[in-house]
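Encoded as structure tokens, the structure appears first; notes follow it.
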């Protein structure tokens, strides 16, 4: 993945009339811009190597031999150097690129005819110096929220192009080289800006790989289209992305909206990302709507070495009525979320609160399920958040839980006697199953074959917003998970 392409994605302008707070914000600093410049200049240098000067001919009157007809052919570039360059952000527009003191070396063949009968030929070299290029890269977005780039206000100037003839009577033809110098200089200047334009617009197919709609699994996808124009200052750029989960094929808005947040004023790293609580909570809403936040638990899911078994004999120890009414039967538990989980963040800590029910069944010999009781479960879990590949992932740990009896089909009982049982069920069975899914991760905004190297993450608070900070090597990125406080 070209770092210049990534750079331009971050500068993309969202053409939208909606005033919507983002779920994800990306900030490019001047340090990131300078890193992108290095690769961008290398790409530009390679493109300039393809410059082609067409054959051309003319005539000049040279003293003392009179009129000389000449032709230059097979002109090819043998070297190009861009020793001095600079990129700057243009507020509200994009990137300004300037190249100075560039040079080129060309080689070709010459042929002359004079005094009607005298012909001569040989080779020539051209030293081009003082080449300057100045252009502005304008970044916009298309109808899908993907970026497109264009080149504008390109100006190229060649200070000098000096030709040196070799072979034949080259000493004589060097006398009128100044006329050819001018012709070559003009020919070069006409070639450069079109090549710059091709370099810039050639990025558009790569920019189209931005995952504005990233599939997560068979239930969900994440939208990363741009929701507003970026805020571009002279030192940084903030790009606002939707960052919202949707059910595949059914984009229903959740009953909450993203709160406004801003990134901290830091510029030590190249790129900063902020993922808001809205994004995480939209995931909970989507999976709850899909009906997948439920789990049947059977005895074969309990570790074989555990003295606790999921049957009426074990539960009869805590609730004797169960063993009396349903002796010798296996049991099944249904754990089901009653509403979307609520995810919040505190400094160095991410927490999810889940409201669920636990329904216990006795399994009759014919497979019929006989309900025993329904418990209301309020649980709090902490999450370790990390990056795996191009995904953000997590791992849950149980903090605390609170039980109450919703319905009992076996008479009254004290719910406290089941506290240790349900804690074991959550810690040993439910949470490990959830962690397997969380470890697969959820896609981050990405472009093409982009790779994240050595990510580091921490959670921090800036004003009223909690951020998780991710630093990525190569192009060093800090990634914040921001959470709106209420």
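Positions of Cβ are set from backbone N, Cα and C atoms, glycine also.
As recorded in TrEMBL:
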DISULFID  154-193  disulfide bond
DOMAIN    27-250  domain 'Lipid-binding serum glycoprotein N-terminal'
DOMAIN    265-469  domain 'Lipid-binding serum glycoprotein C-terminal'
SIGNAL    1-19  signal peptide
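Summarising the environment of residue 154 (disulfide bond), the number of other Cβ atoms within 10 Å of its Cβ, over all protein chains shown, is 18. Regional average pLDDT for the domain 'Lipid-binding serum glycoprotein N-terminal' (27-250) in the model is 86. Neighbours of residue 193 (disulfide bond), defined as other CB atoms within 10 A of its CB across all chains, total 17.
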